[in-house]
Amino acid sequence: MQAYFDQLDRVRYEGSKSSNPLAFRHYNPDELVLGKRMEEHLRFAACYWHTFCWNGADMFGVGAFNRPWQQPGEALALAKRKADVAFEFFHKLHVPFYCFHDVDVSPEGASLKEYINNFAQMVDVLAGKQEESGVKLLWGTANCFTNPRYGAGAATNPDPEVFSWAATQVVTAMEATHKLGGENYVLWGGREGYETLLNTDLRQEREQLGRFMQMVVEHKHKIGFQGTLLIEPKPQEPTKHQYDYDAATVYGFLKQFGLEKEIKLNIEANHATLAGHSFHHEIATAIALGLFGSVDANRGDAQLGWDTDQFPNSVEENALVMYEILKAGGFTTGGLNFDAKVRRQSTDKYDLFYGHIGAMDTMALALKIAARMIEDGELDKRIAQRYSGWNSELGQQILKGQMSLADLAKYAQEHNLSPVHQSGRQEQLENLVNHYLFDK
């Protein structure tokens, strides 16, 4: 079959002096960073949905792209053609992983039976493509938000029959992920929320969602899936308010239903923006709560109130993100999935490469800067100094539960405590970070 991207062999590393827009300037898969190959640190993945499913349509306009697999035709044949192009793209881009929703890779069909049969055929196709290319599945998931049946949610739907249909999709998608050797399974509650409280029973919907997640965990263990289950927080869009608002909110939900040891988080940069947080904040929070799993690497627009899903291009922002990830030991089953799309005006097929190449170079340079920060150790040293009082006898007694509130009040009076505020030195630390970013 003729190559779709016939003007490109493979994207290669040419170094920072290169002016070739179809070459990496910073991402060298084999370069050692802190003793490990860059490819193993970053674990890049390209997503199926934005890259091969979106046709350029938006709220105000029809599809703008001319993709051969999006033309009228037999649905399964078009899905197979899309898979051909997708794996050509993954290979030429040098990404070791990819991600998908069930209906990204397979026609949904007109019934559950058709859905299951179509998906089974496409899983066999994907398995063959993975074996040929060496590209692996980072994670799979089920799209339980696009079809009109999910207008009021999937797990939180007022109709238990819709809940059951969603369960069928998740069972099928998780088993497909398991068969394909996927390293994670993601749950994103696109419509698990509400438009108005006038027709919403918050307690009922929360209980439904909690039970659904418990069943997901049960099924994972039943089929022997060894990957990580991941929830992807998002505050709103398409609903007014979603129940997986941010990392801290999801932690409370998981604790309520006894799932905090079973499910981790897939943090998306643009979702952090929508929640009023920095990407850095959401990553650091997930790590602090013991829930960090994987990343959807993209960016939003602080001046817009919706998910723009642009490619990451801020080394400054992502250096601090990679610093947190490296401090936490790096990825295990997770990775950096580019949940990002070219702009509607970017109609040339090679724009798909430009977007991903820039994003991969951004994250590679961010990784190298973060590694310098780790090796230097100055930021960690400053934080350790700031909290050093908690290593004292008093601090340890408080943390170990050896002193009550009344004990502390007595201690403060007996020792005539008069603590003096110590400077947080924020400006100095910001200058230090700029040193890592901009000084060679």
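Each residue, glycine too, has its Cβ placed from N, Cα and C.
Note that the structure is predicted; figures quoted are calculated from it, not measured.
Under the heading active site, Swiss-Prot lists His101 (among others), citing sequence analysis as support. The Cβ of His101 (active site) lies under 8 Å from the Cβ of Tyr48, Trp49, Gly140, Thr141, Ala142, Asn143, Ala173, each of these being in the same chain and 6 or more residues away along the sequence.
In sequence order, Tyr48, Trp49, Phe52, Cys53, Asn143 make up the list of same-chain residues 6 or more apart from Asp104 (active site) whose Cβ falls under 8 Å from its Cβ. According to Swiss-Prot, the feature active site maps to Asp104 (among others), an assignment based on sequence analysis.
Long-range Cβ neighbours of Asp339 (Mg(2+) 1 binding site) (same chain, at least 6 residues apart, Cβ-Cβ under 8 Å): Cys47, His50, Glu268, Asn270, Asp296, Ala297, Asn298, Asp309. Among the features that Swiss-Prot reports, Mg(2+) 1 binding site is placed at Glu232, Glu268, Asp296, Asp339.
Residues near His271 (Mg(2+) 2 binding site) in space but far in sequence (CB under 8 A, at least 6 apart, same chain), listed by position: Glu232, Pro233, Lys234, Pro235, Asp246, Glu282, Asp296, Asp307. Positions annotated as Mg(2+) 2 binding site by Swiss-Prot: Glu268, His271, Asp307, Asp309.
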Practice task
Would you mind checking how many other C-beta atoms are within 10 angstroms of the C-beta on Glu268 (Mg(2+) 1 binding site)?
Solution key: 27
Completion exercise
So Asp296 (Mg(2+) 1 binding site), by the Cβ count within 10 Å over all chains shown, scores 23
